[in-house]
Structure formats: C-alpha cells, structure tokens
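In what follows, a structure is listed as structure tokens, so that the remarks can point back to it.
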C-alpha cells in the first residue's frame, strides 16, 4: 500500500523546485527524494528564517541530516508539509544511507547526554570570541598607527594583523555560518555581519559557497566550488581536467598564488548578489540586512584600510603593508582548508557539466564520502586546534558542522571507533607539517605523473 501511494505522488523536477526559493513564491525543499512546502513553517523554525531561505529551492538531504544530529524530531515534523516527489536531480545523488551515520549520530547524542554538555555552547567559546575580537582590533591599531616611522617593524606587524584576521575568520565567522555558536539565530546573524564589517568580505557569499556548495558536495568536480570547474585553471587537482605543461611546476608556484585568495575573495564576493551562482551552485536570495551589511562592510574596509591610514603613511608604504597582510591572510586560510581535502589519499569524483545529463550518482553514503574526501591532523594538539580554528579536525567538522569546535576533540575517539566497526578508513596525519607535505606531494604528483590520463565523468 505504501509503495502504491509513492507511485501516485506528484512529480517535480529540480528546476520547478528551484523557483520556490522566496517567501513570495513559497519555500520548497527536497529531502530523500520527497518535496516539502515549508512556507508556513518558516516563521516557527527554531533556527530562524534565513537558514531556510539559504536552503530553499534545492535538495537539502545532507544538510538536513548533518544540522539536526541531536534529535529526530525535525524528521517526524516534516511529514505534514510533504507535497510530492523529485523527478530529476540538479546535483549528484548519494546512494542510499548506510547505518554508519545513524550509528555515529546516536553515539554522539549519548556522549552529550552523559556529559550534560550543550553542543553549541561552552564558556571556552565566549573566551575565544572575546580574544579574537580583542586581537583583531588591537593588532589593527598597532600595525597601522603605533609605529608609523618604522617601516620594517610595520611589515612584521602586518603579518601579525594577518594572523588576527585568520583567527577571527576561523573562530568566529566559520562557526557562525554553521550555526555552531549558541542556539539563537540572531547571534549567528550579527556575528556574520561583523565579518563584513571588520574583514570587508561577504559573510553571505561564504555561506553560499561553503555551506551550500562545499559541505554537501565535497571534492565533487562541477559541484564543489572549492575545487573549481573551469577547463583551464592555475592548477590541476582532479583527474577530470586537461593537463598543461605549466602544471609540472604547480607544487612550486601554487602555494604562492594561495596568498592571493583573500584579495580574490573580496573582489569577487559581490557576485553572490549579481550573478545568481558561485560556480554551478545557485545562490540564495539575499535579505536587505545581508545587502546592507555587504555595502557597509566594503565602505568600512576602504575607510579603515586606506583612507584613514593614508593620513599617516605614504601610499607606497601603506600598499606594502596591505599586500603583506593580505598575502599571509590568504596563505593561512588557503592552506588551512587545502591540506584537509587535496591529498593523494583522498577521494575525488565528478559529475556531468551538461545540463541535459542526469548528474552522476556518488557510489557512497554521504557521511562515508565525507570521511574519504577529508583528512584530520594533529588530533591531540591543542595548538593545532586553536590556530586552525578547529579545521585540523575537518572530518569531525564535516560530519557535525553545527556542533561547536569546542567539542571536536571529544568526538574524534567516537568517530574512530565507529569507523573501525564499519571498516571505514579515517584519514589522520600526525601533524600540520605532515598534512602540508601531503598536499604539496599531491600537487607534484598531479602535475608530474607520467601515467596521468584524463578520466571521463562516468569512470
């Protein structure tokens, strides 16, 4: 009888679903092949409206699961909003779920229940936030105004300022975009706005690229914005790209180009408001708050990084300090994420770029795919945890993005045990240096492997 009911459900293509991504047109989502109209629920969502608007008009199966690890209540509540079934997919579909992730989530729930801890709050979170805001403001003042006449000292202080920008991004912005700081959506919203304000980069852009794109389709070419989809790129990191002679040297030049990341980000983030996509990932509709935050953030950036400092420094000196700070900021962030996903032992797959083709299915459960495309490093090092903002435990983060980085170390043994039980290899490097070397070796091998043969998407 249940199968008969399923046969007669109304069918919707992904393009039809994509039109329902605003409150005016209705908020539709698809989960596990079923379509839900959650327009009436949006104002009652404990996580706020904007999180659902970010997810609207698309398949959110894996986001839904990974952002509700502590309770099954949302799954039970959804049934009343069901309106039909998905007929076509926009992006790859993961194979049917194994028991791996459900077992893992159950163990994590037990851990927090026994320890009586809140997965989104700890006093350590408050201490870290106070520190990163203080460090950012103090390092800005000292690097721009404290030693005006000392060129070489200011060059060194520019590097210190880049560190404060990096820690601010990794400790505050990264957790806020994943709803991993407090249970209050207003906290996430305003913390995100301070990223626009203090860093001059769009929090809304990051949420679309990182949360909607990268976390769902990790290391899937033509879906994950972090590995690109253009035929010609400054590096080759997948076997689905054409190979050019310059790539033989990418292990030498690519790390330096990573230093341009922060500048590129600030120059390109406006596209989230104008182009409607980041790579192949459709972007959500921005609220007035997000647009205003973006505009004010850019103005504040120009005033505080250029106009005011120019009253104290020559243009040449100021640009020197600026590019030093931005170069090291770009390096810090880029390597923080690149070493976690681009290495020889990590999986890379691809999906079709042809709109008329059905996307290639991924031959793995989503959670297992996350483990096979990601590696951790320095799992017992508090220094690695602090200076990476928790991304040294990237496997933990991808499986439980809405849990605060404060608890990542506690979850590692749980994940290792469940991986052993299900015979899933957990990729761990002993140190950051080992992870860094694995990434450089990967760049070298991708550029110099004589047996390289471009794979087709269907391989």
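Here the Cβ of each residue, glycine as well, is placed from N, Cα and C on the backbone.
When Swiss-Prot is compared with the stretches 121-141, 226-246, 247-267, 268-288, the one noted as transmembrane segment is 121-141. Packing against the transmembrane segment (151-171) from elsewhere in the chain are residues 128-129, 132-133, 135-136, 138-140, 142-143, 195, 198-199, 262, 313, 317, 320-322, 324-329, 332-333, 336, 387-391, 405: each is 6 or more residues past its ends and has a CB under 8 Å from a CB in it. Outside the transmembrane segment (121-141) by six or more residues, the chain places 157, 160-161, 163-165, 167-168, 171-172, 175, 181-183, 194, 198, 304, 404, 406-407 with a CB less than 8 A from a CB of the stretch. Cβ neighbours within 10 Å of residue 68 (heme binding site), excluding its own Cβ and spanning all shown chains: 15. Residue 45 (heme binding site): 15 other CB atoms within 10 A of its CB, across all protein chains.
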